Amino acid sequence: MQHPPEPGARADAEEEDERRRHLPCCRICLVAEEDHTRLSCPCGCKGTQQFVHEACLFSWIDQSTATRCAVCKMSYVVSPVYAADAPSSLPVGDVIRGLVGRLMRGALLLGRLVLVSITWFVVVPMVTASFWRLAFARSLRQACVQIVSRLRPVLVVLDCINGCFLSLSVVFFLTGISTLRAHIKHLLVVEAGDRDLDEDRGGGAGRGGADGEGAADPAGAEGVAVHGGGPQDAGDDEDDDEDDPFRDELNAMDDLTLEDLIGLRGPLHRLWEHAATLATSNGLFVLVAAFFPFNVGHAVLRLLRAGQEFHSTTPVVSRTAG
């Protein structure tokens, strides 16, 4: 036989329930704040909607893949909270240590930025401008004299500007060529697919007119077209892989961010690799677009001039009638 609770105990229980009812609770699990489950305010909601457990919030974000509050449309902000026993002020040694660490990180970042700027705006443009001058030099001695004579501040700045312009022109030209090649390749693939589809349809119609089965069963013709195109598509993919041996390297370059590409982030050898790649591509472009045409044209003009001089100096023997 159960005895009814005493009036004092009942009053204490009701008071505890009333106190818990007015305590802030998580809007996801509806559990009040406890010592091991602290509530936080990750968005701009007010009232009973502003409190949520961090674990409940992370679980909700993982399930719904939402980064904004559905009520106030504010992005969730989760920041570290100091422990309850944390000191109100940091010791002087910790403050100095933190400032020194920040200054060192700032100095390293500034040095990295200066190095990247010098590499991309001075070294690569100067190398590109030197390639351009070597392409139009008549001899190696003349090229060395031109390069040494331009080692003055004003001329160096002009060469850097010209080198930047040449580098951008090469990059835009190669990008346009690559885009045009990909577009033409796509058009050829589409045209080949349409041609195969027309041939399959024509073959199905011819067989249908001969034995009466093609028109009665159009699904069969489609099945033939699908099965006929599969191996060819696979062969095309294999041919594409064989035609592009550097596809993996290009895909890896596509995955790089701008900071990784220019060298602001990551190991320093990546910066030198990318700069050397650009300088090499600029040199090859200048070699093909300027050096060969200039020297071939110069050689042709010299041959023509030598031929004219030979004809002009050849004595003419006249015959007189006897």
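The first residue you see is number 1, and the count goes up from there.
From the backbone N, Cα and C atoms, a Cβ is placed for every residue, glycine too.
Keep in mind that this is a model prediction, so the values were computed, not measured.
As given in TrEMBL:
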type: COMPBIAS; residues: 203-212; note: compositional bias 'Gly residues'
type: COMPBIAS; residues: 213-225; note: compositional bias 'Low complexity'
type: COMPBIAS; residues: 234-246; note: compositional bias 'Acidic residues'
type: DOMAIN; residues: 18-79; note: domain 'RING-CH-type'
type: DOMAIN; residues: 26-73; note: domain 'RING-type'
type: REGION; residues: 198-248; note: region 'Disordered'
type: TRANSMEM; residues: 109-134; note: transmembrane segment
type: TRANSMEM; residues: 154-177; note: transmembrane segment
type: TRANSMEM; residues: 275-294; note: transmembrane segment
Could you give the residue numbers and ranges of same-chain residues that sit at least 6 residues beyond the transmembrane segment (154-177) on either side and whose C-beta is under 8 angstroms from one of its C-beta atoms? 121-122, 124-130, 132, 278, 281-282, 285-286
Contacting positions for the transmembrane segment (275-294) when only residues 6+ beyond its ends and CB under 8 Å are counted: 119-120, 123-124, 127-128, 131-132, 134-136, 166-167, 170-171, 173-174, 263
Take the transmembrane segment (109-134) and find every residue of the same chain, 6 or more past its ends, with a Cβ under 8 Å from one of its Cβ atoms. 143, 146-147, 156, 159-164, 166-167, 170, 262-264, 268, 271-272, 275, 278-279, 282-283, 286-287, 290-291
Over the span of the domain 'RING-CH-type' (18-79), count residues by DSSP class, listing helix, strand and coil in order. 19 helix, 8 strand, 35 coil
